[in-house]
Amino acid sequence: MKLLKPTWVNHNGKPIFSVDIHPDGTKFATGGQGQDSGKVVIWNMSPVLQEDDEKDENIPKMLCQMDNHLACVNCVRWSNSGMYLASGGDDKLIMVWKRATYIGPSTVFGSSGKLANVEQWRCVSILRNHSGDVMDVAWSPHDAWLASCSVDNTVVIWNAVKFPEILATLRGHSGLVKGLTWDPVGKYIASQADDRSLKVWRTLDWQLETSITKPFDECGGTTHVLRLSWSPDGHYLVSAHAMNNSGPTAQIIEREGWKTNMDFVGHRKAVTVVKFNPKIFKKKQKNGSSAKPSCPYCCCAVGSKDRSLSVWLTCLKRPLVVIHELFDKSIMDISWTLNGLGILVCSMDGSVAFLDFSQDELGDPLSEEEKSRIHQSTYGKSLAIMTEAQLSTAVIENPEMLKYQRRQQQQQLDQKSAATREMGSATSVAGVVNGESLEDIRKNLLKKQVETRTADGRRRITPLCIAQLDTGDFSTAFFNSIPLSGSLAGTMLSSHSSPQLLPLDSSTPNSFGASKPCTEPVVAASARPAGDSVNKDSMNATSTPAALSPSVLTTPSKIEPMKAFDSRFTERSKATPGAPALTSMTPTAVERLKEQNLVKELRPRDLLESSSDSDEKVPLAKASSLSKRKLELEVETVEKKKKGRPRKDSRLMPVSLSVQSPAALTAEKEAMCLSAPALALKLPIPSPQRAFTLQVSSDPSMYIEVENEVTVVGGVKLSRLKCNREGKEWETVLTSRILTAAGSCDVVCVACEKRMLSVFSTCGRRLLSPILLPSPISTLHCTGSYVMALTAAATLSVWDVHRQVVVVKEESLHSILAGSDMTVSQILLTQHGIPVMNLSDGKAYCFNPSLSTWNLVSDKQDSLAQCADFRSSLPSQDAMLCSGPLAIIQGRTSNSGRQAARLFSVPHVVQQETTLAYLENQVAAALTLQSSHEYRHWLLVYARYLVNEGFEYRLREICKDLLGPVHYSTGSQWESTVVGLRKRELLKELLPVIGQNLRFQRLFTECQEQLDILRDK
């Protein structure tokens, strides 16, 4: 054995409370007290191991120093992969560090340039939950969890895959928790506290397995830490500070029955730290060959307040070596090298000691295969503790399952090789970043410098900071980084997780109500029918550019046809009638229209009075009693306008639908919020215009022109309808004035006075006799062969004019508007004739013709979207751009909710439940909207999440429904298709998803065999 105390490892005389050696053995970290802050220092291991390297001035001893902790650092621990370093301190924080390969060294802050950081380490996540000093941190054996304990009497389990998510908070100690340790396979975690107890917790459900108190009855809270340790074979757990016959010991606790019959004795004062060697050894004979009946044993180091260190072998009754007065103060921490032959010890006196053993002294270490067999004999092969490596060695019973597994492994190898190439190209100083050399990047930055001339002609150049370029070694472990105010934080994924996905921009407003709801919606402007146009802002916010609504424009009576597409007259919307996306008119726009004399002041009128210029009168039953309570808003327009091109600021903006309110008007000029009265609903009626033009679509080019009150022979006035499609024009005349128009690539329809609705083909042929509406028209829409009419009485009808069938028959909006001050802000008619109403409160309802019910398909205030997290279940980035009616309705609201949820800790169980509920809502909404590609997308995401989380019952139910009966039965109610998709084809798409998890290979085999039987039939 060799003993060394490197004097250059110090914290400038301050205490060192923790030490840990990197898994690759090239460096080690120390944590302790700094100058007015906590200090974490990363040191080079080579000068400790080799005397020549220590003397070589070209070999740096200190690699990096971090002073980010606000108070003393009590513990530093490397992850088992060596990628991350966790540190906990008296500032109640746990910081997770990761190396960042910058170009060139930097100096330590406050060192006047004397100390240089050879390596750059940055804090990638700050974990905040403890209310007291953090005493110890520990990574689980497979880096899936990070545990921390504190003087607040709690142990917190963090999800190391998704920092800062908290999986569990273990409460049970009544004193300061000062030590943590995991068992070798991560099945248990043990904690020791000042309440004279040691508790063992199960990781399966995070519940208490056992509490051991007898060996600690005589103990007092005299130690700064209580670092206990679990043996690498899993058989023994050794505690810190215990007492036996009033003498300090390290208590040995057997896993079998948690018996406490043995202990390590000999120290004169309380034991502060126990650390097992990571290797399991077997005895070595003198001739160099291992003994045949060799029994494996472990090695353990014990440190005490008596400043001495003892090293024990479990095959010996006495310690292998004892070193007295190794330090001037208490031993605080111990760390073994990964090969098991070296040990670092730190003390409160601010010094470090290194002990180097030989194999002759400790024995021959067992191989990893032999170590794994010992673990299996101790813990078994429970799926609850099986790692990915163990699953990969499991027996695969199906050759198709093997094919999917090999394909998945090949994808992982391709990703790793790509990441390796990126890291290799970033190591050289003259490397390339994104296809551009670093020198070129610096030159391009210099080109952007700002140069000005002073009054006397001298040049003045504004200094430009050229930051050091961070070129590596960032792996795909990070999904996203969300900056926190005043701190550095980020979310982290393991290197085995799904490929990195680009987060959607949550700042983009929702095309279907994602922006702030208008609290004061206005009625339709007289210059155009309500709800028939879309402004540029709403088009930019729409997630699918192929689904926009037509544009209505107000023009002089004699407008030239092609000028309808000029930017001076229209908003150049690339509209198709498939899915209108409307926005509300703001009060500012209303005031601007009033200033241009395009809109007169609003005035109340009797509810039961017919619309202006209508020849039909409604009988007045109780006019005297109702006239004071029921009001109607009428908007009139000034027909005397200047000839020629309208002013730029006088263009009309899209207007939202609003529902009539029974409340009395307090001021005529005040914009009113119209709500649904208890007795009746009243929607605004478009006023007749002299002329207007409607752009139906841009591809193919199609627009409609309407001209009212065209004088013919004999003084008779008619209305003219013109349609131009790709240069081919047709026109027809009607006897009544046209109030509003709509069109699609299949039909053109107009609503006239006297409640008449006329439908024409795109060639001008009348398809139906005029339809008499139950009340005056309010809004008209067309999609394909479907025509939707929303009347002033808030009744909705949808017809399929080609098949001449009714889809929705005079359905009232009372059920979705009654009882509150809500307004209809936007309307959508899907390609399958499903009407969707988006309300001002952010909720969207669609009418289900099969059930004759209004179904909720979207809610902007949905809390499920804020907690749901299914990033790992998304197949690719392209899948996130799934378009359709559901995507238009919801926009990007759900993504912003998930981004916001990352800033707050959500328990894993709660997040699991909310994610399942959210995905099931998405599948049901896509089914209700009859959107086949969205239904397929969300079904695959839902199934992938079930596979990842291990929900076999729900997954099996989905497979059973998609498979159907194998043998045909006349009484079977099973439908072979869903929203136009074949169920069994969907099941074939699910099989590769199921095949990614070996736990479901039985389900995979069952489904595949039954599909083969059906195929043979």
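Positions of Cβ are set from backbone N, Cα and C atoms, glycine also.
Per Swiss-Prot, the residue annotated phosphoserine among Ser549, Ser769, Ser775 is Ser549. Annotated range for region 'Disordered' in Swiss-Prot, selecting from 210-229, 570-589: 570-589. Annotated range for region 'Interaction with ASF1A' in Swiss-Prot, selecting from 8-66, 67-125, 244-302, 421-479: 421-479. When Ser377, Ser511, Ser611, Ser896 are compared with the annotations in Swiss-Prot, the one labelled phosphoserine turns out to be Ser611. Per-residue pLDDT, averaged across the repeat 'WD 1' (11-53), gives 90.
According to DSSP, the repeat 'WD 3' (129-168) comprises 0 helix, 21 strand, 19 coil.
Sorting the repeat 'WD 5' (220-263) by DSSP state (H, G, I as helix; E, B as strand; all else coil) yields 0 helix, 22 strand, 22 coil.
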